Amino acid sequence: MSQPTIESILQEKRLFQPSNEFSQNAHIKSMADYQRFYDTAKANPEQFWANLAETELEWFQKWDTILDWQPPFAKWFVGGKINISYNCLDRHLTTWRKNKAALIWEGEPGDSRTLTYAQLHREVCQFANVLKQLGVQKGDRVGIYMPMIPEAAIAMLACARIGAPHSVVFGGFSAEALRDRLIDAQAKLVITADGGWRKDAIVPLKEQVDKALADGAVPSVENVLVVKRTGQETYMQLGGRDHWWHDLQKEVSADCPAEPMDSEDMLFVLYTSGSTGKPKGVVHTTAGYNLYTHITTKWIFDLQDTDVYWCTADVGWITGHSYIVYGPLSNGATTLMYEGAPRASNPGCFWDVIEKYGVNIFYTAPTAIRAFIKMGEQHPNGRNLSSLRLLGTVGEPINPEAWMWYHRVIGGERCPIVDTWWQTETGGIMITPLPGAISTKPGSATLPFPGIIADIVDLEGNSVPENEGGYLAVRHPWPGMMRTVYGDPERFRRTYWEHIPPKDGKYTYFAGDGARKDEDGYFWVMGRVDDVLNVSGHRLGTMEVESALVSHPAVAEAAVVGKPDDLKGEEVVAFITLEGTYQASEELSKELKQHVVKEIGAIARPGEIRFTDALPKTRSGKIMRRLLRNLASGQEVSGDTSTLEDRSVLDKLRQGT
Ligand code: WT7
């Protein structure tokens, strides 16, 4: 059950075809259909996207220019006016969907709520008026730090409605991590809850917000809005900073027309880890993102009007933004939101939810699938999962064994699986099967979505031959692409557009993943090639964890690497040298792990801390992480060690000192 290796997936020759029944009812019904879309789009990408923008979305005003590409800065549908909240809500109210369930929510303790399109629209309009009343204006950034409750989606849509870009921060991040992100985004207001349920315990979110804002650390924040979710006693600051959501929500009108936004107005900023210390604020804008998430949701999840669609991500990640909220709602779908997580006390909770609501489409992560395998087949086998017709996976490479288990135990050998490769930066899914058209191979994300010109290249930007490893790259801009790093356009250029040098004015997007293409043109994504770890499908920068560690007084130097892990994909291993007066101990090791949790959040907790006298470095002082990776996973140190400054460091590390 380990990560796929080149050897294991090269041997993967199984091919799974969708059933005739599935294909006949699908939006994209055959390989010939896919090929036609793909070829048309490749011949004229701009026209392809413009046609879809025209037919799939409602505009207040049509665009003048489809694409203004001044590499690496793209503008799509320039001159157009549109609002994504309008496309997700208002336009459905004049159809039969008005009283269709838009959002089905299941809380961890078993409480639940369903909001129809009309009800969701009303809540969003009211809350948009609450924001306005508190002085939030078009262009102001709003922080959202919420559990998985309907108000999280309502808050996002309300921000979009009035043109205030949101910045959702995952509720599992610590107060420190929240503070850094609020400062970078200069948020004017924060929306949170008293708490959320997580594995049978309350996560006190408002308390974290108070810590993040303490001592005027984030001067831009003027107000905090608090949803009452868990109901425990919660401190509310005197003097008007803090407000209960429900108090203000009842005082406002439900009339709030959607603001006509420019296509390129910022919709949100979402922070993600990179290979350097500070998380990047990934900026997405309005029209292109709306179109891209809309059409990918429709074709990849093959949405039909009666479907109940469930994506298990958290709204704090891009998957939650694109495939719980915006993509499904723009399509008028029923999207399910679940607050809980599989846990020892309720290992079958996901399957209960599927049975209870008759879920048809289920989208989750390989790390969750591996956890289910470990919990045992008896849990899914004991539930009725016959409503399922399509499965999806995202977040990391899926090993063929996990794929086969998902196919057999959850999919009953009848559901196609879409293994979807994409990133926070790409806005939506880029490489994926279209389930009625493309046959699947376990472990492969298969083929690029129509309009996406993906390739495997070397560092000069040349395509590499089939079945040879290289860097995953994209050759042409697409509507869902990130527009910039918030406040740092040069970092945007450096990180994504200069690893592969532009040639003859042509720019190539560097994704940071290693991959290869097989003889059928199928993509096999191997994982990150930079200093980014993937722990349980969450992205973590090694430098980010290192800076957290060195902020502890005992730590002189830290080097963080990933070690393959059966469940999480990768686990954090930290090599530490101590300041003079400190002694290595079990206790200190625990303290340092806890320190990382405090600085970043539980997702970054090192699985292992190794104390050492010195770290292996090159003569120019660069830590040789490659060697540490070998050591962490118990492998022999391979490759060139000639650049090592002091070979005895390596010998000592081998001996475990
Ligand atoms: C990185 C992006 C975008 C949704 C969740 C993660 C890895 C994502 C796959 C897949 C192999 C995958 C890549 C990518 N990744 N999906 N289907 N197969 N690897 O978003 O946090 O921006 O991370 O996740 O390494 O670069 P993210």
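Any Cβ shown, glycine's included, is placed from N, Cα and C.
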Looking at TrEMBL, Gly395, Glu396, Pro397, Asp419, Thr420, Trp421, Trp422, Gln423, Thr424, Asp513, Arg528 are annotated for ATP. Which of Arg383, Arg408, Arg539 sits in that same site?
Arg539
Could you count the residues of the region 'Disordered' (635-657) that DSSP puts in helix, in strand and in coil?
8 helix, 1 strand, 14 coil
Near ligand 1, which of the binding-site residues Arg198, Gly395, Val555 have CB less than 6 Å from any of its atoms?
Gly395
Beyond the listed site residues Val550, His552, Val555, identify every same-chain residue whose Cβ lies within 8 Å of the center of their Cβ atoms for the Mg(2+) site.
Ala548, Leu549, Ser551, Pro553, Ala554, Ala556, Ala558, Ile576, Leu592, His595
Gly395, Thr420, Thr424, Val550 filtered to the binding-site residues whose C-alpha is within 10 Å of Thr319 (CoA binding site):
Gly395, Thr424
Around the Cβ of His552 (Mg(2+) binding site), the count of other Cβ atoms that are within 10 Å:
19
Return the member of Arg198, Asp200, Val550, Lys622 nearest to Arg528 (ATP binding site) in space, with distance defined Cα to Cα and candidates limited to these recorded positions.
Lys622
Considering Cα atoms only, can you say which of Arg198, Lys199, Asp200, Ser536 is the nearest neighbour of Pro397 (ATP binding site) among these binding-site residues?
Ser536
Counting every protein chain present, what is the number of Cβ atoms, excluding its own, within 10 Å of the Cβ of Trp422 (ATP binding site)?
24
Out of the binding-site residues Arg198, Asp200, Ala201, give me the one sitting nearest to Thr424 (ATP binding site) by CA distance.
Arg198
